[in-house]
Amino acid sequence: MGSIGSQRLKEPCVAATSDQSVVTSFSFDNFQLETTAEGAQDPGIRVRGVPTFTDSAVEEPVPDDRYHAIYFAMLLAGVGFLLPYNSFITDVDYLHHKYPGTSIVFDMSLTYILVALAAVLLNNVVVERLNLHTRITTGYLLALGPLLFISICDVWLQLFSHDQAYAINLAAVGTVAFGCTVQQSSFYGYTGLLPKRYTQGVMTGESTAGVMISLSRILTKLLLPDERASTIIFFLVSAGLELLCFLLHLLVRRSRFVLYYTTRPRDSRPVQAGYRVHHDVASGDIHFEHQTPALSSSRSPKESPAHEVTHSNSGVYMRFDVPRPRVKRSWPTFRALLLHRYVVARVIWADMLSIAVTYFITLCLFPGLESEIRHCVLGEWLPILVMAVFNLSDFVGKILAALPVEWRGTHLLACSCLRVVFIPLFILCVYPSGMPALRHPAWPCVFSLLMGISNGYFGSVPMILAAGKVSPKQRELAGNTMTVSYMSGLTLGSAVAYCTYSLTRDAHGSCFQTATAAAANDSIPVGP
């Protein structure tokens, strides 16, 4: 019986024999049984009641991403959690016209980063407690609401006074920051469960959001001379794109491909096919029942006891199977939360520092300092063009991050630190105020191009590599931990950028002062 049934039986009480003795109890060390037909030369030779069979596919085959639909959905996911913020800061011409002489772009950037840092820390705490898709859905709703509210109530209907509108815009940016950051942090944990290319897809989507928003603003400004009308259309287009990303997420999360990767790491062990032994006490017949993984996992503990006696028309059956461990879900303690994060951080510390330094340097300059670059001929078009160049080159950099290059964490960190050279170069484009050292508009465009490519590449590669350095069960936590580092760099960079506002305070009136001085010189009478 033992050689035919399981790989190894333990503690048998009475063995079933050819003289119709009854097996009363036994237990298994393993679910899977060897095929009984392997040792039989004649198909008719078998123990009474035991059928010959072969095991079917034990593990579910890996599903394909047909037509790269899942990759495209993840790219749009990246669009979704940066598109709202980009919408607020890219209409820089409207902001300068409505709030002249204020630091509105700097205030929006700092508000976004401070709220985003708090949101990513909160999300990192509740990552084991709240459902992944609950967090993502909440993020989408918090991002869509302010976009629609500002476009309708402030830009279109103009229901608020100047000071009220200023405060409401900052509050809207803060709400967007909270929702989008929870969404972003959750998506990095989400894609950490998928193959590496999907993390790269999400990060490419972030840059795609910047490109799409920049093109949208340029087109609406060109096609609609009325600044207010173009801004309304601009915000409504952004809200429509955000809604599209949300609906696509709801479809993709139920796909077979995503479910295959996101459900496996949560199990304590892989769910494999098993067998149940049925022994007919009356007739002595014994047969094996094959259980598929889906069937095994769908049964409740009451439906799958270790030892059950059932009655049927053919007699009494005694069923023997292996009890599955009952896992009691409990919230981890604060000490356990810290320990989990410490274990992950020890493995990916270089990647954490690399992404933090990369975004620290970028946020020192973008969008704050870049939005204040002025030119007497191009006017408000120059900051729009400079930001568009950055978004486009950042998009290219994140595509380059998909190249199969093996990086050591320390090398990535060193290259990220070299980007500090962009800070003095951009300062020379705005300082001295009114007559900067690098006045030609080509300079900020070239610097923005190089900074965007390097930001896209060195901001993506650490995030892509980090998830592969930890076990599958730790990948969601690794993605969230990397997002904490990412947001820390953004916060410090925004704080430094806010301090540079004084360098550009007089830039708005520089062209007017130059024109006035030129007119005064022309009016001075010239002697004979």
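Backbone N, Cα and C atoms are what each Cβ position is placed from, and that goes for glycine too.
Summarising the annotation, Swiss-Prot assigns N-linked glycosylation site to Asn521 and lists experimental evidence as the type of evidence.
Around Glu206 (site 'Essential for cation selectivity'), a 10 Å sphere centred on its CB holds 25 further CB atoms from the protein chains shown. For the recorded site, Glu206 (site 'Essential for cation selectivity'), the DSSP three-state label reads helix. Annotation source Swiss-Prot lists site 'Essential for cation selectivity' at Glu206.
Summarising the annotation, Swiss-Prot assigns topological domain 'Extracellular' to 1-68 (among others) and lists sequence analysis as the type of evidence.
Look at Swiss-Prot and you will find 90-101 (among others) tagged as topological domain 'Cytoplasmic', backed by sequence analysis. For the topological domain 'Cytoplasmic' (90-101), the model's average pLDDT works out to 87.
Residues annotated as topological domain 'Extracellular' in Swiss-Prot, with sequence analysis given as evidence: 123-139 (among others). Remote same-chain partners of the topological domain 'Extracellular' (123-139), defined as residues 6 or more beyond its termini with a Cβ less than 8 Å from a stretch Cβ, comprise 81, 179-187, 189-190, 246, 249, 253, 262, 331-332, 337, 341, 476-477, 480-481, 483-484.
Residues or ranges marked as topological domain 'Cytoplasmic' in Swiss-Prot: 161-166 (among others).
Here Swiss-Prot flags 188-231 (among others) as topological domain 'Extracellular'. Beyond the topological domain 'Extracellular' (188-231), the same-chain residues lying 6 or more positions past its ends with a Cβ under 8 Å from any Cβ of the stretch are 70-72, 74-83, 86-87, 90-91, 93-94, 97, 127, 132, 136, 151, 155-156, 237-238, 241, 258, 261-262, 265, 384, 387-388, 390-392, 394-399, 401-402, 456, 459-460, 463-465, 467-468, 472, 475-480, 482-483.
Residues annotated as topological domain 'Cytoplasmic' in Swiss-Prot: 253-346 (among others).
The DSSP breakdown of the topological domain 'Extracellular' (368-376) into helical (H, G, I), extended (E, B) and coil residues amounts to 4 helix, 0 strand, 5 coil. Among the features that Swiss-Prot reports, topological domain 'Extracellular' is placed at 368-376 (among others), with the record citing sequence analysis.
What Swiss-Prot records for 398-411 (among others) is topological domain 'Cytoplasmic'.
Sequence annotations record features per position, and here Swiss-Prot assigns topological domain 'Extracellular' to 433-445 (among others) based on sequence analysis.
If one looks beyond the topological domain 'Cytoplasmic' (467-481) by at least 6 residues along the same chain, the residues whose Cβ comes under 8 Å of a Cβ in the stretch are 120, 123-124, 127-128, 132, 185-186, 188-193, 196, 199, 264-266, 340-341, 343-345, 347-348, 351-352. Taken from Swiss-Prot, the feature topological domain 'Cytoplasmic' applies to 467-481 (among others), supported by sequence analysis.
What Swiss-Prot lists as topological domain 'Extracellular' is 505-528 (among others).
Positions annotated as transmembrane segment by Swiss-Prot, on the basis of sequence analysis: 69-89 (among others). For the transmembrane segment (69-89), the residues of the chain that approach it from at least six positions outside its boundaries are 105, 108-109, 112, 139-140, 143-144, 146-147, 150, 169, 172-173, 176-177, 179-181, 183-184, 187, 191, 194, 197-198, 201-210, 212-214, 234-235, 238, 241-242, 244-246, 248-249, 251-252, 255, 257-258, 367, 371, 391, judged by C-beta separation under 8 angstroms.
If you look up Swiss-Prot, you'll see 102-122 (among others) marked as transmembrane segment, on the strength of sequence analysis. Same-chain residues lying 6+ beyond the ends of the transmembrane segment (102-122) with a Cβ under 8 Å from its Cβ atoms: 85, 88-89, 92, 95-96, 166, 169-170, 173-174, 176-182, 184-185, 363, 367-368, 371-372, 480, 483-484, 486-488, 490-491, 493-495, 497-498, 501.
Feature annotation from Swiss-Prot assigns transmembrane segment to 140-160 (among others); the stated evidence is sequence analysis. Counting same-chain residues at least six beyond the ends of the transmembrane segment (140-160), those with a Cβ under 8 angstroms from any Cβ of the stretch are 80-81, 83-84, 87-88, 94, 168-169, 172-173, 175-176, 178-180, 182-183, 228, 231-232, 235-236, 238-239, 242-243, 245-246, 249.
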So how many of the residues in the topological domain 'Extracellular' (123-139) end up helix, strand or coil by DSSP?
11 helix, 0 strand, 6 coil
What is the three-state DSSP composition of the topological domain 'Cytoplasmic' (467-481), stated as helix, strand and coil residue counts?
11 helix, 0 strand, 4 coil
Six or more residues beyond either end and a Cβ under 8 Å away: which residues meet both conditions relative to the transmembrane segment (232-252)?
69-70, 73-74, 76-77, 79-80, 83-84, 87, 91, 136-137, 140, 143-144, 147-148, 150-151, 155-156, 212-213, 216-217, 220, 224, 258
Under 8 Å, at least three CB pairs between the transmembrane segment (412-432) and the transmembrane segment (167-187) (pairs 6 or more apart)?
no
Between the stretches 167-187, 377-397, 446-466, 482-504, which wins on the count of C-beta pairs under 8 angstroms to the transmembrane segment (347-367)?
482-504
With pairs fewer than 6 apart in sequence excluded, do the transmembrane segment (167-187) and the transmembrane segment (482-504) have three or more C-beta pairs that lie under 8 Å?
yes
Apart from its near flanks, which chain residues at least 6 from the ends of the transmembrane segment (446-466) lie with a Cβ under 8 angstroms of it?
188, 196, 199-200, 203-204, 207, 348, 350-352, 354-355, 358-359, 362, 365-366, 370, 386-387, 389-401, 405, 407, 409, 412, 415-416, 419, 422, 425-426, 429, 478-479, 481-482, 486
